[in-house]
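TrEMBL annotations:
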BINDING   HIS70, ASP81, HIS181  Zn(2+) 1 binding site
BINDING   ASP81, GLU116, HIS374  Zn(2+) 2 binding site
BINDING   ARG206, ASN264, ARG277  allantoate binding site
Amino acid sequence: MWRELAPVGRHPDSGGYRRYAWSAADLECRAWFRAQAEARGLTYETDRNGNQWAWLGDPLAGDAVVTGSHLDSVPDGGAFDGPLGVVSSFAALDELRSRGVAFTRPLAVTNFGDEEGARFGLACVGSRLAAGQLTVADAHRLRDADGIALPAAMESAGYDPDTIGPDPERLARIGAFVELHVEQGRALDLTGDPVGIASAIWPHGRWRFDFRGEANHAGTTRLVDRRDPMLTYAETVLAARREAELTGALATFGKIAVEPNGVNAIPSLVRGWLDSRAADQATLDAVVTGIERAAREYAERAGIDLDVVRESFTPVVEFEHALRDELAKILEGSGDTGRPVPVLGTGAGHDAGILSASVPTAMLFVRNPTGISHSPAEHAAEDDCVAGVRALADVLEGLACS
Ligand SMILES: [Zn+2]
C-alpha cells in the first residue's frame, strides 16, 4: 500500500506532496482508497460531503467502530501525515482477519476529505461539514487561490456539491472513532515509545494583523519621514516569540501579504497571520493578548494603523476519557517497553478533534524521530509503523470483536 501511494502527487523538485482537495492527485488517492476497499470485499460509499467509507458489516446497524484519517496534504507535505492512518487502518483490518477474530460491531475505514485546508484555507472541511461545524453557506464562500469555489471544485472532480451539509444520521451510527496519526512532535522520541495515546488537542486559532502605513519611494523618502508598516510588523514578530517563551505557548507568524509589494516601495500595508496554540485557554489568551498589546504600542509610536481580526478559533478538545482509558487498558503490556502507553497532548488539529463533539473519539500517535511534520522530512521508522498497526488492530479487536 505504501509503495502504491508513494508517487501520487509528489513534486519532482521538492520531493514533497501536493495532494490538494479535489485535485488530480487527490482523485488518484481517492481511487486508490476505493480499490483498497473493493479488493477487501468491503462496502464502499462516498458520503454527502465527499468523505470516503469502506464498511465491514452493516453500515446501518449502528454502534460502529470507525478508523481512518485523511489522504490530502499541505503544500510540499510529508508522506505520513494522513496516509499513515488510512494505510494502517486497512492493514489493521487485514491483521484482524488473519487473527480470525469474530466481529460483533460493524467496522469502517474512512478517508476524510480536505483535512489540511491547503486549497481553500479552512482545515477539516469534510468532517466539519458532516458535524455541522461549517455551514453550507460558509462552505459555498470558500475559494482557492485561483478563485475557484469549493462547490465548483467538487463538481469538476465528479462529486455532487448540492448534497453537502450536516450528516447527523451518519454520525449517529458511529459508536467510536479512532484515528491513528504520525506524531507531529518529539514527545514519543523523548520517552522512547513507538506508540502513544492522545489526551487532548490544544486550543488554537489564527489572527490577522493589518499594519497600515504610507506607501512611498524607497529611494527618495527620508527615513524620518517614513510610516513603514514593515518595521512594526517585524517588531511584532519578535514580540510574538518573546511572549511565547514567557508564557510557554506557541506563536508563529508564517504568512505575510505586502502592498504594493514592490522592491523599491515602502509598503502601505503589511498583513501578517498569527497562528497561536497553548495547552490551555488561559495561556492562549495571555500570549495573544501580550502580542496584540505589544503590536499596538509599536504601531502607535510609528504612526501605523493596526487592525487585529480573529479569523478562526478552536477550543480545547479533550478526547473522551472513557474511550481513552479503554484504549490504555487494551494496550497495557502490549508494547515492548513494559511500561504503560504514554498519553500526550498535541498542538495539531485533526478530524478526530472535530468529530469528538459528536461521537466518542480517540487517537493513537506513532513516533516521529525528528518531530518534523508538514515537510518532506517527516518520518516514521518501519518498525514503529508496524507497531502502530498492531496497536490499532489490538484496539479495534478490543472494541469491535467478541
Ligand atoms: Zn493529518
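Note: Cβ is positioned from N, Cα and C throughout, glycine not excepted.
Within the set of binding-site residues ASP81, GLU116, ARG206, ASN264, ARG277, HIS374, ASP81 have a CB atom less than 6 Å from some atom of ligand 1. Among the binding-site residues GLU116, ARG206, ASN264, HIS374, the ones whose Cα sits within 10 Å of the Cα of HIS70 (Zn(2+) 1 binding site) are GLU116, in sequence order.
Of all the binding-site residues in the list GLU116, ARG206, ASN264, ARG277, the shortest Cα-Cα distance to HIS181 (Zn(2+) 1 binding site) is found for GLU116. It is HIS181 that, of the binding-site residues HIS181, ARG206, ARG277, HIS374, has its Cβ surrounded by the most other Cβ atoms within 10 Å. The Cβ of ASP81 (Zn(2+) 1 binding site) lies under 8 Å from the Cβ of SER73, VAL74, GLU116, HIS181, VAL182, GLN184, SER373, HIS374, GLU378, each of which sits 6+ residues away along the same chain. Neighbour list (ASN264 (allantoate binding site), Cβ cut-off 8 Å, at least 6 residues apart, same chain): HIS217, ALA218, GLY219. Surrounding the centroid of the Cβ atoms of ASP81, GLU116, HIS374, where the record places Zn(2+) 2, the chain contributes additional residues within 8 Å, namely SER73, VAL74, GLY77, GLY78, GLY82, ALA118, SER373. Between the two most distant C-alpha atoms of the annotated allantoate binders (ARG206, ASN264, ARG277) there are 36 Å.
Within 10 Å of the Cβ of GLU116 (Zn(2+) 2 binding site) there are 22 other Cβ atoms, across all protein chains.
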